Amino acid sequence: MSPSHRPVVITGNWKMYKTVKEACTFAKALLPVVEVSPIQVWIAVPFTAIYPVKQEIRNSRLVIGAQNMNDASEGAFTGEIAGKMVKEAGASFVLLGHSERRHLYKEDNAFINRKVKKALEIGLTPVLCVGETFEERKSGETQQIIRTQIQECLAGLTAEDLKTLIIAYEPVWAIGNGQNAKPEGAQEIHQFCRKIIKEIFSEELAEQIVIQYGGSVNPSNAISLLKQPDIDGLLIGGASLSLETFVEIVNDGGSIFNLKAKLL
């Protein structure tokens, strides 16, 4: 599949920001932009905001998701939330394996793999996050780390399973600190991710799967990242909290999508 045939997906990850009122106000203000954009716009909101935001934007093209879920359907897991709960609240997708979950809460690939399987089982689109730390990058381990994360997090899945899964490459060293991978460097890793998918599954699936980039994305680097042939979207943290900034990035995404389409 040509890169221009893959959808462009811009995802905002609000992390632990925005009250229900703030989230609803933001989402409603974003709708005029989303409705006319040629790309897909997703937001991973706090758990408390999933249902009210979904009600606020009912029947719109804006896609709402969760930032995490447990691999169990239910049980005595204080403070946890099940995938079926966030889906019932209105989530269409879920972020899994985000670096903050891996490093702050010690989630490993096996646990993330179980979450991915559960998400697929209940009809949530998993956005699988992978990426290396500064130390791993410095020691030349980037590709091995990425390979291991993808292989172990997707273990036991079929090609059919992956048709609704997104991969997000987020170099840990570039998250939330103003640093970001150079577009060419990010492209190299995205291309490598497709190579792994080809080895495990098929060339067809490798060309179809959407791979996002995340890591200090902002209006000054969004276009240069999205111009890369294997970067199909962006996973945005801090820059997604400002309506003005997020709209600018969404509009940039639409421009690049249209540009790539003309090259067919």
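Glycine is treated like the rest: Cβ placed from N, Cα and C.
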Quick check: of Gly65, Gly75, Gly176, which does Swiss-Prot put in the same substrate site as Asn13, Trp14, Lys15, Ser216, Gly237, Gly238?
Gly176
Quick one, of the binding-site residues Gly176, Gly238, which Cβ has the fewest other Cβ within 10 Å?
Gly176
Residues that sit under 8 angstroms from Glu170 (active site, proton acceptor) by C-beta distance, when 6+ apart in the chain:
His98, Ser99, Cys129, Val130, Gly131, Tyr213, Gly214, Gly215, Leu235
For Gly237 (substrate binding site), write down the residues of its own chain that are at least 6 apart in sequence and whose Cβ falls under 8 Å from its Cβ; none is a fine answer.
Asn13, Lys15, Ile175, Gly176, Gly214, Ser216, Val217
